[in-house]
Each structure stands twice: as C-alpha cells, then as structure tokens.
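Here the structure comes first, spelled out in structure tokens, and everything after it is commentary.
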Ligand SMILES: Nc1nc2c(ncn2[C@@H]2O[C@H](COP(=O)(O)OP(=O)(O)OP(=O)(O)O)[C@@H](O)[C@H]2O)c(=O)[nH]1
Ligand SMILES: [Mg+2]
C-alpha cells in the first residue's frame, strides 16, 4: 500500500515538473526578440549590434536609460584644452579675405600731379601771368601778394617772397617766360625748403618696431592716412601692426581694421570707450611680440581747445614710451581748413611734440600755400600729402614735384 502511494506521489511530481518546464519554456519564448532565429537557439538574448539586411533597422533599446548624473562630463581643464568647436560641414567657412598688393610709392606724386595741378592752378599759373605783365607796377605787385595770401601762404612768407621777386625781376630787366618760370620756381622752392628730412621714420634702428602716432582734430583724415600709410609700408615690404586707439566709436576701430585687413596688417583693438593709452600700449607690445617692423597708432580726433582731450593724448604718448621712444608723431591737417590749421598745429605741438605733418585733401583746395605756412609755424616738415580718397592717394611730399605741379611745365 505504501509503495502504491509512493508511486502515485512520484508520478504526480513528475507530471508537475514536466508541465512546469513547458510553461517556463513558453514564457522564455515570449521574452525572445522578434527575431527569425530558430527557436532551437534560445540562448541568444541580445540583438546583434548592427541590424542586418532584412532585420528591423532600429536597434531595440534594452539598456536602461542613463540619467543625466551618470553622463561623464569633461573636467574644466579638458574643456579648456579641447574647445568644442564642432565643425558643421554644411556651414561653409568664410572665404579668406583677399590681400591686396598696393602700388609702389616711388613716383606716386608724379601720378597724382595732375590732381595737384588742377587744384593749385590758380596759385602757380596766376603768379606767372602776373609776373609776365609788361609793366610790373604797384598794383600788379599787390595782386601777386593777394594771390599768395589767398592760397594761404601766410602774411610773413608772402611779404618775403614778394620782396625777393621784386629784387630779382629788377636785376633781370627784360624777362622771357622761361626766365620767369625758373625764377618763380627757385623762389617757391626756397620758401618750401629743400633741406628738410621728409622721410617718415619707420625704422627704429633697434630690434623693436618703429612707432608712429597719428594725431589731429576731428575729420582731418587720420584714420584714412593711417590706412594709406600701412599700405605704403606693406608695399615696401615692411610688416605693420595697427593700434586702434580711437576708442570713442566702435566704427572708428572697424574703419581702421578694414584698412588693415586689406593688406594683411593686424589691428589691435580695445573695448569701446576703453582707455586709448592702454590700446596703444598693447599694440606696441603686440608689435614687439610679432617682430613687426612698424606699429601705427591711430588716435581719436580731438579739438585742440578741449584740454581734457589734449591731456589724454599726452598720456597716450607717455604710456607708449614705456616700451621705448615714439619715432614719429604725424599731425594730420586738412588743407581746406586753411589758417585754422596753424592754430591746431601750435596746440598739438605743445602736447605731443610733432615730428611731421600730413596735409590731406590737397586735391580739393587751391590753398596749397598752407604747406609753407604750417612748416614755418612749426618748424616741422610736411612729409606726406593726401590727394584723394583712394587707397593709394597718399604721396611722399617732394618739393620739386610739388612746385612743378603748381607752375606747370
Ligand atoms: N578728397 C580727399 N578726401 C580725404 C583725404 N583724406 C581723407 N579724406 C576723407 O576725409 C574723410 C575723413 O577721413 P577720416 O580718415 O575718417 O578722418 P579722421 O581724422 O580719422 O576722423 P575722426 O577719427 O572722426 O577724427 C573721409 O571721407 C576720407 O575719405 C584726401 O587726401 N582727399
Ligand atoms: Mg579716425
């Protein structure tokens, strides 16, 4: 009896075990991925890493999602070392700006002579016509004087010139047109001066770059001149760094940078309304670091009557001088403003010790005589002249070519 009961129990356990296996086997099948893998290989529980042809493209997401805390963030140092500059191939890189090759400086004044002659005709031709009159009476000499004064030669130089012309004409007696021309040419040249060193000092004579500061009242052409000068230097094979020390207007800095970009000269900028002296200082520092040949510093236009602004200009120069001497301070004067330029020149000279004058806009005025007047006033030579708004319309001032343009060949 006991044996029978035992047999029944064993049988029941066996049946239960078998049915349990079947159930669990069915459960397992349900858990399998919907793959077409034969059910005889139920050990494959993970999907293939890459979906294959004929399989569903989307990889089932069986991994538990990572929370944001578990994502490993780069350390501060790593972030600094490797800036996350993800390049988007769809965003095309901006085209490299084309670097221009400025025209050489030699012979510029000859090219621009026609422009000069046009504007200065009244002076040179007027004088020649008057001197050619048969009778040089007092009235004629007064007219000669007026012509010179109108051209802004200035009172003292005019009287000197008229005096010398009178003397020479008297000695000469009869005058041929050629003789008169030579006479006038000589006297105008003497007035302008042929002995000045008119070269812009762009060689420091040291390992460090030469420093040139450009100063003047508002709108005279400082930034334009700085840009044109950079081109002249680059054309002559020099490397240039520009300092945008006009921090009053963001546009002023952009204006200078545009000039620099065109010839591949780097522009050092500061924050708007920042300290111009510190921008100038940084520009020279950069020039030294780069091993540049010349640093050109453009300054903000300032009225000579504003003492605060004039003091600021003095500071810019003093701060730059911590690096070494400033080799050239160019005062930019607008030739069309005439005698007012002399007043400006006087005040600027006191503050920053001008070493050269740039006379701009000579293309637009008949008052070329200002060249004489301003040199007299400052005892400083005109070194460059602006003869137009074009990028290469800046010429070294050559007295002979200038006078020839005045009186014609
Ligand atoms: N015709 C002519 N125009 C010139 C010459 N030089 C400069 N200009 C023009 O004069 C205007 C003023 O020139 P800028 O270089 O901006 O003058 P700036 O002295 O820097 O002016 P601020 O920075 O505002 O004081 C511009 O329109 C120039 O194109 C020149 O020689 N001839
Ligand atoms: Mg400017």
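Using N, Cα and C of the backbone, Cβ positions are placed for all residues, glycine too.
Automatic, uncurated: that is what TrEMBL annotation is.
Cross-referencing 27-67, 68-108 with TrEMBL places the feature region 'Disordered' at 27-67. Taking every protein chain shown into account, 222, 302 are the binding-site residues, and of these the Cβ with the most other Cβ atoms within 10 Å belongs to 222. Taken as a whole, the domain 'SRP54-type proteins GTP-binding' (381-394) shows an average pLDDT of 94 in this prediction.
Taking a Cβ distance under 6 Å to any atom of ligand 2 as the criterion, the binding-site residues 216, 219, 222, 299, 302, 362 reduce to 222.
Per-class residue totals from DSSP over the domain 'SRP54-type proteins GTP-binding' (381-394), listed helix then strand then coil: 0 helix, 6 strand, 8 coil.
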